[in-house]
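Have a look at the structure below, then the notes.
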């Protein structure tokens, strides 16, 4: 009498799933909640933004160095430009695109830098709800405002690298139906996209002095922003506190 064998199953004797089964793959995109309201920067007196003599000397040195670099730059041949282009393509093989909706939520995906803008449009349209997919939309940047339409011959044949999107860029979306362009209307995305929503990454604090608390002789003890960090790394000469000049003062930015 022959003995029959039980068919193999993907579960162990306890009925638990087999540990060798592959884990579910993560989505190839990310979807972020709108950034939370950040604390406004502290109010600084107007005297903080007064330009010092060191600021003026640093600015003049930076402008002189830039002028000399332009005047002394060698003429570039087609072969040299092609070599630079190959180097740039090798440096940024992928481009991360963020799509910002009217409610300030952001849809993100990484594309090969050789892809064209039509790949971004296809991804965004595939992420929309079924009732919204037939509605036309345009991706753009602002300011200055520039629209990237698939129908534009100056855009459709360029790669993401050619469009200067690499290594990362943020585009805004505007629908032909104005109902979806109001800030109080949620992004009309499909349920699987909405299900993976996560908090927006907290940006690093560039104003924090990494040398605070160090006893290193070469480290600075101040927490304010110096002109060297503002003007391309030119270190001002002279003594006294280096302040951000008034003509570089920026107003509050909306996230």
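Note: Cβ is positioned from N, Cα and C throughout, glycine not excepted.
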Stretch carrying region 'Disordered' according to TrEMBL (options 152-203, 204-255):
204-255
Counting by DSSP secondary structure, give me helix, strand and coil numbers for the domain 'UBX' (90-173).
17 helix, 31 strand, 36 coil
